[in-house]
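Student: Got a structure for you, questions after.
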Amino acid sequence: VDTPHGISLQNGTVPGEQGKQDKSVKRGNWGNQIEFVLTSVGYAVGLGNVWRFPYLCYRNGGGAFMFPYFIMLVFCGIPLFFMELSFGQFASQGCLGVWRVSPIFKGVGYGMMVVSTFIGIYYNVVICIAFYYFFVSMTRVLPWTYCSNAWNTPDCVGVLDGNLSSRAALNLTRLLNTTQRRTSPSEEYWRYWGWVQGRRRVVVVWWGASNASCPLPRRYVLNLSDDIGNLGEVRLPLLGCLGVSWVVVFLCLIKGVKSSGKVVYFTATFPYVVLTILFVRGITLEGALTGIMYYLTPQWDKILDAKVWGDAASQIFYSLGCAWGGLITMASYNKFHNNCYRDSIIISITNCGTSVYAGFVIFSILGFMANHLGVDISKVADHGPGLAFVAYPEALTLLPISPLWSILFFFMLILLGLGTQFCLLETLVTAIVDEVGNEWIIRRKTFVTLGVAVVGFLLGVPLTTQAGIYWLLLMDNYAASFSLVVISCIMCVAIMYIYGYRNYFKDIEMMLGFPPPLFFQICWRFISPAIIFFILVFTVIQYRPISYNDYVYPTWAISIGFLMALSSVICIPIYAIYKVCRSEGDTLLERLKNATKASKDWGPALAEHRSGRYAPAFSPSTESHLEVQPLQPEKDRSEPAAASPVQGSNGSAHSQDSRL
């Protein structure tokens with residue numbers, strides 16, 4: 001309950017008596033609960049909702065895919081989301097500090113940090129590319145509209161070029177099936193390889209060059225090299241946009257959650273405005289209904305396909321951001337008695353609803369484009385960067401005032417990316433600050449944020465080279481794939497079976513005022529771990545070596561990918577061995593038992609919330625980790641702690657420090 005003076009009191013506190021503050025002056029809290037919900041929505045709703053889910057939906061049976069998708073949401077997505085939120089909120093610690101619950105598993109927290117580092121590096125590169133397209137869209141004619149540019153090849157066929165003015169003059173379906181494959185202006189604008197084997201003859205004929213090793217003309221954005229090991233030059237426009245991306249992220253997080261909590265009022269809500277504008281424009285176009293029906297028409301025979309269920313489970317798991325550490329971090333800034341059970345349901349459903357809504361936006365435009373070209377939608381549908389930077393931009397060129405729609409679309413991608421990037425950076429910063437934990441680093445948290453941002457920028461520079469897209473896709477496919485599943489599975493086992501589900505249910509009841517519903521208790525103990533294990537098995541069975549269009553990654557690059565994946569998982573056994581060796585005990589069993597036992601300082605961060613089995617018996621080992629909250633922090637801290645007795649509403653007198 002918030003008093004008129006802004007002091008937050010626990011339920012049942014009588015005005016005029018000594019109250020219990022529900023705010024942490026030391027770490028800080030969200031300004032209000034809306035900030036937390038919007039931040040979590042911005043974190044969960046990312047680029048994958050726009051460029052991955054619609055493609056998965058139409059590929060896996062259209063509307064039939066919705067059934068396994070929502071089944072996985074109910075039995076895996078929401079329970080895991082609630083678990084991570086309650087975990088971080090109860091301890092008011094980041095992804096490292098929460099593992100006081102069972103110190104041997106602190107390596108899980110380090111694994112989350114490694115995963116967030118990898119994702120944060122390449123995710124901001126995607127944002128910087130969106131920034132680049134956003135800036136170049138500020139023109140009268142989009143640069144990827146026609147094939148008359150210096151970087152275009154003879155294979156380029158634009159949907160608005162003169163040779164397509166009459167559809168009868170060119171059967172595009174036949175052209176797509178010929179050996180000389182059509183390439184669109186947007187595709188040639190997006191990627192370029194300075195030299196491609198097997199096409200030398202075409203280049204020589206086109207340029208009339210006598211030198212057989214004459215390279216293809218440079219296309220614009222990526223200037224793609226021929227191999228992942230051939231980094232080539234740094235693409236300066238992308239490097240500049242990468243700097244802009246990191247500066248924006250840093251400025252929004254300069255004061256931690258106090259500043260980012262204000263920014264999300266715009267970054268988390270405006271993408272829905274843009275989606276709605278694009279949706280209204282899309283459904284008014286010819287062929288839009290065909291695209292939407294292609295997206296939604298159920299193919300019920302695919303319900304029995306295990307791959308459909310595996311894709312649904314994987315999409316739910318990765319889309320919600322489980323095991324990244326971001327959910328734990330964001331919830332750690334909540335007030336202790338916040339209803340995170342309610343928040344987890346709202347945020348999870350919003351995330352999935354956004355994915356479905358984005359599918360209407362994407363396929364209405366793609367249906368219009370397919371109708372204009374006279375081809376099947378499968379010829380123009382794509383996912384990932386191919387959708388965001390090739391297929392959809394090409395479709396936008398068909399619209400009147402195309403630069404306006406392009407600016408809106410890429411601005412939406414920027415905001416979706418920034419919402420996730422804020423939480424990734426805050427996860428790392430919070431983990432570092434909480435781990436050090438002294439006043440010196442807390443006062444200098446801004447400099448920690450700056451340091452992490454600078455390191456992230458420097459590590460992202462190789463991804464702006466001519467081979468950068470190869471490395472970006474390698475990190476996306478390996479650094480944040482099965483390792484997340486392993487981390488999440490170990491986290492469930494550690495909390496439910498090592499710390500004990502009874503203890504955890506009591507913690508939640510102490511925090512929320514009610515135990516977790518029976519459905520969530522069953523999911524946490526049995527169903528969700530089983531689904532996570534199914535995702536892991538599915539990921540292994542469905543594994544295929546990564547490729548990018550016609551380029552097949554060499555063995556050494558795939559080996560690096562596996563090393564990136566193992567770098568987060570290996571933290572778990574390494575720290576477990578270290579912790580066992582440092583624990584007290586004469587035998588290995590005693591050391592193992594002490595390493596898995598909850599630390600004395602595990603529990604609520606504020607002393608006034610530590611009741612029952614968490615009632616503090618102050619000692620030097622625990623006192624340093626607990627924040628004794630002053631009732632009137634605005635007063636001089638030098639004032640003696642033992643004040644004169646205060647008369648309570650029941651007529652009894654007590655001193656202000658009696659709660660200690």
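The backbone N, Cα and C atoms fix where each Cβ goes, glycine too.
Curation plays no part in TrEMBL annotations; they are all automatic predictions.
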Student: Identify which of CYS128, CYS156 is listed by TrEMBL as the disulfide partner of CYS147.
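Tutor: According to the record, the bonded cysteine is CYS156.
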Student: Check the transmembrane segment (555-578) against the transmembrane segment (36-54) for contact, please; criterion is three or more CB pairs under 8 Å, pairs 6 or more apart in sequence.
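Tutor: The transmembrane segment (36-54) and the transmembrane segment (555-578): touching, no.
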Student: Establish whether the number of Cβ pairs under 8 Å between the transmembrane segment (522-543) and the transmembrane segment (236-257) reaches at least three, counting only pairs separated by 6 or more residues.
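Tutor: Touching, no - the transmembrane segment (522-543) and the transmembrane segment (236-257) miss the threshold of 3 or more Cβ pairs under 8 Å.
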Student: Using a Cβ-Cβ cut-off of under 8 Å, list the residues of the same chain that are 6+ residues beyond the ends of the transmembrane segment (108-135) and lie near it.
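Tutor: That would be 47, 94-99, 221, 237-238, 241-242, 244-246, 249, 323-326, 328, 385, 388-389, 393, 406-407, 410-411, 413-414, 417-418, 420-421, 424-425, 427-428, 431, 456-457, 459-460, 463-464, 468, 471-472, 475-476, 479-480, 483-484, 487, 490-491, 494, 564, 567-569, 571-572, 575.
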Student: Among 36-54, 66-87, 236-257, 269-296, which stretch has the most Cβ pairs under 8 Å to the transmembrane segment (316-333)?
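Tutor: Result: 66-87.
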Student: Using a Cβ cut-off of under 8 Å, list the residues of the same chain at least 6 residues beyond the transmembrane segment (236-257) that approach it.
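Tutor: For the transmembrane segment (236-257), the list is 28-30, 35, 39, 124-125, 127-129, 131-132, 135, 221, 263, 267, 330, 333, 418, 421-422, 425-426, 429, 445-446, 449-450, 453-454, 456-457, 460-461, 464, 468.
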Student: Sort out for me which stretch, of 66-87, 269-296, 404-425, 478-501, has the most Cβ pairs below 8 angstroms to the transmembrane segment (36-54).
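Tutor: Out of the listed stretches, 404-425 contacts the transmembrane segment (36-54) most.
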Student: Looking at the stretches 269-296, 345-370, 404-425, 446-472, 478-501, which one shares the most CB pairs under 8 Å with the transmembrane segment (66-87)?
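Tutor: Answer is 345-370, with the largest number of Cβ pairs below 8 Å.
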Student: Around CYS147 (disulfide bond), how many other C-beta atoms are within 10 angstroms of its C-beta?
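Tutor: For CYS147 (disulfide bond), the count of other Cβ atoms within 10 Å is 21.
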